[in-house]
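Undergrad: Below is a structure I'd like to ask you about.
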Amino acid sequence: MKDYSHYYPKVDRDIERALLKKLDMRLVAWGTCAYFSNVLLRGNMPYAFTTGMNTDLHLNSSAYNWAVSMFFISYSLFQMPSNIIFSQVQPRYYLPTAVILSGVLSNLAVFINDKHRGLLYVVRFCMGLSEAGCYPCIIFLISSWYTQKELNTRACMIVIGSNLALAANGLIGGTVFTTLDGVANIRGWKWMFMIEGVLAIIIGITGYFCLPNYPHNTPWITGVERQVALQRKPITQNFWKEHESLLFVSAKTLKHLATTPYIYMLIFMFACIVMGDSVIHNFAIILNGMGYSSVQSNYYSASVYIFSIVPTLALAKTSDIMRHKGLHIFLVSLWSALWYSFAWFGSSSLPIMFAAAFAVTLNAVLIPITLNWASQIYACDHEMRACMMALIVSVGNLIPYLIKPMTWEVTDAPNFRNGKTTCVLAGLGAAICCVLITWCLKLRFRLPQDVREEEFMNERQPLLSQVRIHRTHSYYSNDDDEEEEDKVGYRSTLASPP
């Protein structure tokens, strides 16, 4: 495999290690906690359903599924506006405020009852608005500090936060139901919502003190650390100020994004990957339907997410080492489709269901790997990359959560044959789409271009003199496509090599 290290500017390694340690302890750690809180709040509905919410609010299958989907509908629709707002304010203020708002909304659960059941839909919808930009904005901020060879491992830590949250929901749900149900005349599932809401508020407040902005305007890094950060990600202060705003995305940029085939294939692949997580998210309901008590169902489902941490870390590490994101997406998608098939045929077998649940935990790590691959493909243009990520996350989440209410009806528990069928098809669809993207990249078919390059050439001229000229191949290669090198010319670039 070709060594790309000579493309990066020479930096002081001791200062770089100190900078990375500081970023890991602040940015990655807080991002993991923030996403932990996000997933804790969005993923608590199955555990609340099994601990009394269904009887208290008289929720039938359709009402429950739409209560779950209301979050993801607003979450998807507000992705682009949220990214626009994010580009206009400093990240250290925007992200913590969004997390705090989610916590405040979760505490409104104490007012939800059978007479005011509509408040559940309102809270879920507003919570989707508040969380809409958190995940893509955290990934965007991380990618502004870390190089491509460091990115997957850090993004994987965010996924681990998600897995821990889903495990914690099971543990909290089981514990609250046995200890707090009825205390102060408040049902256990309401206590769960309020406890998780308070935790979100605490995490949000800490973000004001530890979260960075961008390399050029973070107050708590020193002069030499800032210089190293800018050398690692060579974008000047003026570039960030003038071109980071999505409000000023040119029509040429949007038109070019719409005419590249990769955005459509990436959205479809992302939607398939999100759809593939449905079995795990409904595992507590499946176990409850197979005869386990509410407490047992919550505890056993938590073990699946705790187990997933080790294989998730291993997969992210191999992705960073091999630099071949497409291969990982292809193999894990086929692996997941295979185990979804086993779950379909063995719906009544408890050992098969447990084995399938543990096996498909790898599917979750494909989300950041897909976004990192997309960021690499569209690395030639900062504005196009930001728009692309917002579209992938918004549409890629909206499609599955419009389908799930029709395929994962609670009345079908514990077999959920329609839902499992969609997961099999989703795994196969993600694998096929991955092959198509790889094939188009190898053929260099309609590769993304920086359509604003000539327009901003004069403004970038001082920076371009410092950036090393290398081959166009570094934007779009499928990581092992080195035989194509001699067929392309040279050009200057602002993007990091893959």
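Any Cβ shown, glycine's included, is placed from N, Cα and C.
According to TrEMBL, the transmembrane segment annotation covers 27-43, 63-81, 93-112, 118-143, 155-177, 189-211, 262-287, 299-316, 328-346, 352-374, 386-403, 423-441. Annotation comment: TrEMBL describes 475-498 as region 'Disordered'.
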Undergrad: Should anything in the same chain at least six residues away from the transmembrane segment (299-316) have a Cβ under 8 Å from its Cβ atoms, list it; otherwise answer none.
TA: 152-153, 155-156, 159-160, 163-164, 166-171, 174, 280, 283-284, 287, 292, 328, 332, 354, 357-358, 361-362, 364-365, 368-369
Undergrad: Same chain, outside the transmembrane segment (155-177) by at least 6, Cβ under 8 Å from its Cβ: which residues?
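TA: 28, 31-40, 43-44, 47-48, 50-52, 135, 138-139, 142, 188-189, 191-192, 195-196, 280-281, 284, 294-306, 308-309, 312-313, 315-317, 361, 364-365, 367-369, 371-372.
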Undergrad: Could you check whether the transmembrane segment (262-287) and the transmembrane segment (189-211) come into contact, where contact means at least 3 Cβ pairs under 8 Å with the two residues of each pair 6 or more apart in sequence?
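TA: Judged by the Cβ rule, the two regions do not touch, with the required three close pairs absent.
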Undergrad: Counting Cβ pairs under 8 Å to the transmembrane segment (63-81), which of 27-43, 328-346, 352-374, 386-403, 423-441 comes out on top?
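TA: It is 386-403, which has the most Cβ pairs under 8 Å.
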Undergrad: Using a Cβ-Cβ cut-off of under 8 Å, list the residues of the same chain that are 6+ residues beyond the ends of the transmembrane segment (423-441) and lie near it.
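TA: Sequence-remote neighbours of the transmembrane segment (423-441) are 261-262, 265-266, 268-269, 271-273, 275-276, 278-279, 326, 329-330, 333-334, 336-338, 340-341, 343-344, 363, 366, 377, 400, 447, 476-478, 481.
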Undergrad: Considering only Cβ pairs within less than 8 angstroms, which of the stretches 27-43, 93-112, 328-346, 352-374, 386-403 has the most against the transmembrane segment (118-143)?
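TA: By Cβ pairs under 8 Å, 93-112 leads among 27-43, 93-112, 328-346, 352-374, 386-403.
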Undergrad: What else in the chain is close to the transmembrane segment (328-346), if you only count residues 6 or more beyond its ends and a Cβ gap under 8 Å?
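TA: Sequence-remote neighbours of the transmembrane segment (328-346) are 269, 272-273, 276, 279, 315, 318-319, 322, 352-353, 355-357, 359-360, 362-363, 365-366, 369-370, 373, 417, 420-421, 423-424, 426-428, 430-431, 434-435, 438.
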